[in-house]
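K.L.:
Let me give you the structure first, and then I'll get to my questions.
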Amino acid sequence: MTLWVLKIGTSLLRGTEKLSTKKIIHNYCSCIAESKARGDQHIIVSSGAVGLGCIQLGFKDRPNNINDLQAAASVGQVHLMDLYQEYMATFGYKVAQILITRSDFSSRNCYRNASMTLKRLLDWGVLPIVNENDAIANEELLYGDNDTLSALVSTAINADQLVLLTDIDRLYSTDPKVSNEAKPITDVLNPNQLKDIESTIQKPTNWGTGGIKTKLVAARIATESGIKVHLADGRKPETLSNILQGSRGGTVFHPSPKPIGNRKSWLAHALDPAGAIEVDEGACKAIQNNGASLLLVGIRQIHGEFTANQPVKLINSKGKELARGISSLSSDSLGNSINNPTNNKNSPVVIHRDVLVLTSDLFT
């Protein structure tokens with residue numbers, strides 16, 4: 001049995017002259033039904049609510065205003081789920097809708113609840129359809145066509161494989177639409193190779209922002225948790241069927257042989273640091289070399305404002321990020337305490353090692 005997360009991009013659900021949106025979704029549902037009959041489990045992370053909403057509302061152009069996009073998404077999401085429900089029902093399966101925002105993952109309890117809900121639905125043989133809650137998410141919460149969301153879902157439920165279905169056949173060394181020198185990349189074998197590829201995606205083109213760049217981020221999040229990732233051309237009906245039967249996508253990102261684990265992945269990727277804590281050299285060495293917790297005595301300076309139990313970055317005197325974790329004290333409390341000589345003795349723990357992840361453990 002293989003647990004799959006399948007991310008279907010917006011561009012794939014718009015429909016073409018040859019294939020309507022309904023036919024496209026029917027094809028995907030057919031592939032999934034065949035795979036489920038073999039004993040596999042699946043979660044779909046589906047974009048497309050805004051686009052379908054615009055079609056339902058008769059808009060000629062996609063709105064630019066965030067409120068218009070949210071309203072269009074609320075219309076489109078209903079239609080999107082109707083299609084998935086209709087076609088999976090023809091194969092004898094039920095579907096469930098899961099709408100998520102970034103704030104849902106920032107709470108460890110909500111993160112666990114989402115994971116348990118998804119696992120229970122899978123146990124019942126239901127196909128969960130996950131989407132970002134576009135109707136209420138604001139600009140700071142948008143995941144980027146659900147690429148990052150699909151990786152976070154994959155790590156939350158310990159998926160075996162993540163398939164990123166998109167409108168390109170594979171990863172290239174540069175944008176093949178603008179360069180004749182673009183070379184296909186069929187395998188990304190290790191974190192250093194992935195890091196090198198990410199560093200080359202710099203220019204603000206469709207290839208570099210919100211397109212392939214977010215897919216590379218998703219691949220990094222998933223592979224460092226031990227999940228195999230396929231980047232594949234979802235425009236071809238046979239692509240998904242072949243992958244679910246054991247073939248490979250156009251580009252395969254191979255999983256880390258030393259996964260960081262669910263909790264560390266959550267700390268590193270599901271949370272947005274609210275501030276930063278600058279630590280001294282002794283604390284740097286203790287945390288990096290000995291796996292120690294951060295004590296109050298090792299703090300030099302506080303950057304930004306945060307409350308107790310919020311995520312923060314740990315940085316050295318040069319501003320380089322060393323780790324991320326959950327601070328047990330607020331920035332105000334820390335600011336009042338770090339210069340108090342009485343705290344040098346029996347120094348309290350500010351970030352326990354159980355809620356701290358080293359940057360060196362990640363592919364960043």
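Quick reminder: no glycine exception, Cβ is built from N, Cα and C everywhere.
So Swiss-Prot has the following annotated:
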BINDING   LYS7, THR166, ASP167, THR209, GLY210, GLY211, ILE212, LYS213, THR214, LYS215  ATP binding site
BINDING   SER47, ASP134, ASN146  substrate binding site
DOMAIN    274-357  domain 'PUA'
K.L.:
Please determine which of the binding-site residues listed here (SER47, THR214) has the lowest count of neighbouring CB atoms within 10 Å.
P.N.:
THR214
K.L.:
Near ILE212 (ATP binding site), how many other Cβ atoms are within 10 Å of its Cβ?
P.N.:
23
K.L.:
If one measures from the C-alpha of SER47 (substrate binding site) to the C-alpha of LYS7 (ATP binding site), what distance in angstrom results, rounded to a whole number?
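P.N.:
Computed Cα spacing between SER47 (substrate binding site) and LYS7 (ATP binding site) is 8 Å.
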K.L.:
Look up LYS7 (ATP binding site) in the DSSP assignment and reduce it to helix, strand or coil.
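P.N.:
Once the DSSP labels are grouped into three classes, LYS7 (ATP binding site) ends up as strand.
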K.L.:
Taking the Cβ of LYS7 (ATP binding site) as centre, how many other Cβ atoms lie within 10 Å?
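P.N.:
Taking all protein chains shown, LYS7 (ATP binding site) has 30 Cβ neighbours within 10 Å.
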K.L.:
Just to verify a number: CA distance, LYS7 (ATP binding site) to ASP134 (substrate binding site), in angstrom, no decimals.
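P.N.:
Taking the Cα atoms only, LYS7 (ATP binding site) lies 16 Å from ASP134 (substrate binding site).
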K.L.:
Taking the residues SER47, ASP134, ASN146, which the record names as binding substrate, find the longest CA to CA distance and state it in Å to the nearest whole number.
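P.N.:
Maximum Cα-Cα distance: 10 Å.
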K.L.:
Say you check the Cα of ASP134 (substrate binding site) against those of the binding-site residues ASP167, ILE212, THR214; which is nearest?
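P.N.:
Closest by Cα: THR214.
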K.L.:
Counting Cβ neighbours within 10 Å across all chains shown, tell me which of the binding-site residues ASP134, ASP167 comes out on top.
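P.N.:
Answer returned by the neighbour count: ASP134.
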K.L.:
What is the separation, in Å, between the Cα atoms of ASP167 (ATP binding site) and ASN146 (substrate binding site)?
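P.N.:
With the alpha carbons as reference points, the distance is 15 Å.
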K.L.:
Tally every other Cβ atom lying within 10 Å of the Cβ atom of ASN146 (substrate binding site).
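P.N.:
Result for ASN146 (substrate binding site): 27 neighbouring Cβ atoms inside 10 Å.
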